[in-house]
Amino acid sequence: MEQPPAPKSKLKKLSEDSLTKQPEEVFDVLEKLGEGSYGSVFKAIHKESGQVVAIKQVPVESDLQEIIKEISIMQQCDSPYVVKYYGSYFKNTDLWIVMEYCGAGSVSDIIRLRNKTLIEDEIATILKSTLKGLEYLHFMRKIHRDIKAGNILLNTEGHAKLADFGVAGQLTDTMAKRNTVIGTPFWMAPEVIQEIGYNCVADIWSLGITSIEMAEGKPPYADIHPMRAIFMIPTNPPPTFRKPELWSDDFTDFVKKCLVKNPEQRATATQLLQHPFIKNAKPVSILRDLITEAMEIKAKRHEEQQRELEEEEENSDEDELDSHTMVKTSVESVGTMRATSTMSEGAQTMIEHNSTMLESDLGTMVINSEDEEEEDGTMKRNATSPQVQRPSFMDYFDKQDFKNKSHENCNQNMHEPFPMSKNVFPDNWKVPQDGDFDFLKNLSLEELQMRLKALDPMMEREIEELRQRYTAKRQPILDAMDAKKRRQQNF
């Protein structure tokens, strides 16, 4: 693969002159890197400086308000630990957002490409840069709201940078607390799920989950339905490693300090930078070998894919003659970066399997559309609903609603998805908010068995209530959007 020329000068911001030209006059687009929030991401070269950049191309029918918010947040940031923003263009029906290029891809990409989880030294080094990025954002009164391995990018030197601000938010004096569910369910803080308002330390919980993800290859609860996960995260004790004995006391304590359920008692980014696990982190040079290995694997797979495409073109005539016996499997055979759904018990080795995790496949950002069978990146958005910014797991609520309606059509006696009285569970059966379960010791065996038997229907009822609350909030927005579209069509 031909290497880009060395940069003539470091690009800091696009000049006014550059911004008045067509983007093709300013950049040479080289290749597609993957899918980001709202659009496709491409690798390109800035002709004047020779610098490699990333360009996100966003269709204008996407939610422009959300895109403008993302650009606004990026534009205000000037930190070596946050992906830089250079400028934007409108080209035909697309908005081009020019950003800093991180050649090694996301931490999630690297884990999948190498089929290996990370060791403690690598995790500590990545976390140190990530915490510096969070410290900067939080000082600027910004919440990222979607911290995970898929949104931590590495450049070829090993410097980690925060990316994908599609759901980030600005804290203001008039809106110091948020009460909307935004993010990806497995990484979400309990207070975010409970919609009781949250602030910057919600990112710290997500960082703790990301630490486990880097160590074990997936976040806690990844093997269960996301709807169940959002019930379990606020009610269960904070998650920890599946095999705590494999990890040092410092690392275990760091994760424990991130995963404190009470946000008022949770450590801040500044405090965590003083934690022994982070203070003893090694320099970024220790990441170079794993980055080189991942990039070599990626290049090899790209070459294999190109070779297979060429072979398919050569054999296309034969395929047409014998179309009933030919089955194309190019995507499957190339083995592009797929999210893994299960982990082997072997030390630090991740094995790829077919999806056993419904449709989430740990997809970072949003679940794929139904017609996509393979995931080729770590930053996917649902192609069927680009207009509305909403958490990924809410797709399951829509499916549950559809399923309930199907039951109504099949059986007129099944009108309620959960046929139970609201008062079937006494108030004292509710899970304590402080997570103190000592009271269970005083219950009889029969009471414990009854409580255990009641948990599933209780959970299903609470999930249904959450779905109904979300639908009640979402429908007026959709109605207003439809009304605006109809008015625009009348012009």
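Each Cβ is built from the backbone N, Cα and C atoms, and glycine gets one as well.
Annotation source Swiss-Prot lists active site, proton acceptor at Asp146. For Leu33, Gly34, Glu35, Gly36, Ser37, Tyr38, Gly39, Ser40, Val41, Lys56, the entry in Swiss-Prot reads ATP binding site. Marked as coiled coil by Swiss-Prot on the basis of sequence analysis: 287-328, 442-475. What Swiss-Prot lists as compositional bias 'Acidic residues' is 309-321. What Swiss-Prot lists as domain 'Protein kinase' is 27-278, and the listing cites sequence analysis. Per Swiss-Prot, domain 'SARAH' is recorded for 437-484. Look at Swiss-Prot and you will find Thr117, Thr174, Thr180, Thr336, Thr378, Thr384 tagged as phosphothreonine, backed by experimental evidence. Per Swiss-Prot, region 'Disordered' is recorded for 301-327, 370-392.
Cα separation, the residue listed as 'active site, proton acceptor' to Leu33 (ATP binding site), rounded: 20 Å.
When other Cβ atoms within 10 Å of the Cβ of Thr117 (phosphothreonine) are tallied across all protein chains shown, the result is 19. It is 25 Å from the Cα atom of Val41 (ATP binding site) to that of Thr117 (phosphothreonine).
If you take every residue in the domain 'SARAH' (437-484) and average the pLDDT, you get 80. Put simply, Gly39 (ATP binding site) is 28 Å from Thr117 (phosphothreonine) when counted between their Cα atoms. The DSSP breakdown of the domain 'SARAH' (437-484), given as helix, strand and coil counts, is 45 helix, 0 strand, 3 coil. Over all protein chains present, the Cβ of Leu33 (ATP binding site) has 21 other Cβ atoms lying within 10 Å.
For the recorded site, Thr117 (phosphothreonine), the DSSP three-state label reads coil.
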